[in-house]
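Record features (TrEMBL):
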type	residues	note
DOMAIN	54-274	domain 'Anoctamin dimerisation'
DOMAIN	277-823	domain 'Anoctamin transmembrane'
TRANSMEM	285-318	transmembrane segment
TRANSMEM	366-383	transmembrane segment
TRANSMEM	440-466	transmembrane segment
TRANSMEM	486-509	transmembrane segment
TRANSMEM	529-550	transmembrane segment
TRANSMEM	652-675	transmembrane segment
TRANSMEM	699-723	transmembrane segment
TRANSMEM	780-799	transmembrane segment
Amino acid sequence: MLRGQAREEDSVVLIDMASPEAGNGCSYGSTAQASEAGKQQVVPSRVGSSAKPPIDFVLVWEEDLRNQENPTKDKTDTHEVWRETFLENLCLAGLKIDQHDVQDEAAAVHYILLRAPWAVLCYYAEDLRLKLPLQELPNQASNWSATLLEWLGIPNILLEHVPDTPPEYYSCQFKASKLQWFLGSDNQDTFFTSTKRHQILFEILAKTPYGHEKKGLFGIDQLLAEGVFSAAFPLHDGPFSAVPESSQVLGLTQRQVLFQHWARWGKWNKYQPLDHVRRYFGEKVALYFAWLGFYTGWLLPAAVVGTVVFLVGCFLVFSDIPTQELCHSSDSFDMCPLCSDCSFWLLSSACTLAQAGRLFDHGGTVFFSLFMALWAVLLLEYWKRKNATLAYRWDCSDYEDIEERPRPQFAATAPMTALNPITGEDEPYFPEKNRVRRMLAGSVVLLMMVAVVIMCLVSVILYRAVMAIIVSRSDNAFLSAWASRIASLTGSVVNLVFILILSKVYVLLAQVLTRWEMHRTQTEFEDAFTLKVFIFQFVNFYASPVYLAFFKGRFVGYPGNYHTLFGIRNEECPAGGCLSELAQELLVIMVGKQIINNVQEVLVPKLKGCWQKFSRGKKAGTGTHPAPWEADYELLPCEGLFHEYLEMVLQFGFVTIFVAACPLAPLFALLNNWVEIRLDARKFVCEYRRPVAERAQDIGIWFHILTGLTHLAVISNAFLLAFSSDFLPRVYYSWTRAPDLHGFLNFTLARAPPTFTSAHNRTCRYRAFRDDDGHYSPTYWTLLAIRLAFVIVFEHVVFSIGRFLDLLVPDIPESVEIKVKREYYLAKQALAENEVTVGVTGG
């Protein structure tokens, strides 16, 4: 592959200034001389149409008129020069620019209204390889549940007619020389949809320089980061305000249709209008909501089965013989002290804890673990089919391989160019060896942050141990009996606070590292950023549950020879076992995080919106009916989908990895997601500025993360059932000693060694399979072999069934494969006919 030389000329710019409209003599002029409010700058008339182009993009900057002689005047002057240069280059790129100013005595808000003429749109549509429609097709949207209910003859309450259903199209990459082939080419005002216009304008804004681009002085993103502009956004399609149900629906705008039939809380039980979402927000946003709706629908059977398993546990609490023996043991079992200064205690005092543990630790959890493992496999298999269907219908199946272009930031800073082997075009290139070095350096930073998380986990462990000692010394009998649970609960809350703080810090750090790594496309950039953050968040959120599930109570020792950590005795599992404590931890982290996130998503946007309107009202009064760009400026900037995906994927991990400990996790996830869908929809429609529509062919690296979590869940649940649950010891006892489990409680308790007994002049019991000298008993080794065998059998059975289901369920539906082959055949036929026609004409 031949590589071009490094581009060092200062005059080289990323926008082809010789494009159509470049020679129109347009000059934006100085923005420092702001006209009075409402006055617009005169711009040349539109090329190719008598009508004025719509406003495609809005840039905003604010000016403080009170302190003209402030200490930051030099910085303000620099920003002014950058702004003027940037706007002049936009004008040279062919854009039409108007300025609308709103000011009072204290401040001025300047709105730069950008319009793209017809010739500019055609030029950049071809340069960006945008796909445009050739032929309209009937909408083929379908839903498997709707099809099933129709086949069964059951009324479908989820189905709702949504007006203005977007049609489907055969489409291909735009060529200006073949304009007449494309649908609607006779109408220049509507040929390019609003989302296509926004994509073209954003590409121009992202590449336009305002100085030496090798120094990073290019693009609207950098200008926003420097504070040169306050905002940059495309306009919404009018207000979202609802209209009466009886009104004429044909008059609704796209935004109003989405609000009426998607973003309202009353539509929680209706299908999402994904085609409408895709038309207004683009494929990337639509695929997120498609995944969220699909995942939520699959949570319903998991929640039902999990709730039944939990109810079975509730029933077993009052009929389980070992639990009844514990509660009625009175003073039969005198337990060894929980710390060096603690007193002896009676096992019967932990009756409530034992009953709570029985809610989550019974035979039904084995069935539920197997069910959830297969559920996760089927979920991902059927999502692949759903994704393939949507990608075909939305014409983005080959987006990443063929259509996606290098990121503007990458194109500006790449040191050389190279030939793209797929497209055959010369593109910016960054040596792979250099990128690998930078990624390795970033991995070191990631490991350091993981070390910080582990330090926080150790501090929480020490906190629990110290708190348990302090509370156990209380004179209050209730507090003394519940010392370990109080320490565990407060430790969970402290851990949640650590999690939320560290999450904010690392996300900012990961953004800097990913930009430094120089990834070619936006998809590669987002995948690299996502993987970094998820690895950290995985350790951050799951470190404490993993400790409780697999390490707590494993390295305690025995009376007279207890193991310590920094001089503090290692924690023991409570009388109900560590599984109940793990369930408590999961509920605190999972449900607590969900509640905090939902409260933030409801209150924070409203508070920010109120503050923004208040501060905007103080800076510049606009009258009773603000202009559309003023109304949209008062909305919040769209923060993207990363945090939304991260929240759902972490939830998926809680639902699958530790489901053996908490069968209610799918139910809480289902309830949260019902709220989450409408909450996110409302944010996008009502509270966010309109984002630039982005294309995507799938949910990116998130799918591979979900696949990894699914495999990890099988291993995790196998070890949970084998080593953290009493299931196998109960089965072993029922096979070898008593089928009715009478005497099982005494079977699980060891006696303190004689040295400890003589030192305290008192004998006591503790939970372990050890002999009187503190050594592991033969029963321990027998159970260890059974546990390891169970792990191997469980994993192989689940993975084998999962592999069989993978082979049984095709990744791409047969109907989609037939349509793809049909399109390929028609394309070859059309090419052959065109060659014959050209040959005859030439002859």
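Backbone N, Cα and C define each Cβ position, glycine as well.
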State the non-local partners of the transmembrane segment (285-318) in its own chain: residues 6+ outside its ends, Cβ under 8 Å from one of its Cβ atoms.
145, 271-272, 274-275, 277-278, 355, 358-362, 364-365, 367-368, 371-372, 375, 379, 382-383, 386-387, 390, 394, 641, 644-645, 648, 652, 655, 659, 663-667, 669-670, 673-674, 676-677, 680-681, 684, 691, 693-694, 696, 698-699, 702
Taking every residue in the domain 'Anoctamin dimerisation' (54-274), the average pLDDT works out to 82
Determine whether the transmembrane segment (366-383) and the transmembrane segment (652-675) share at least three Cβ pairs under 8 Å, counting only pairs 6 or more apart in sequence.
yes
For the transmembrane segment (486-509), the candidate among 440-466, 529-550, 652-675, 780-799 having the most Cβ pairs under 8 Å is 440-466
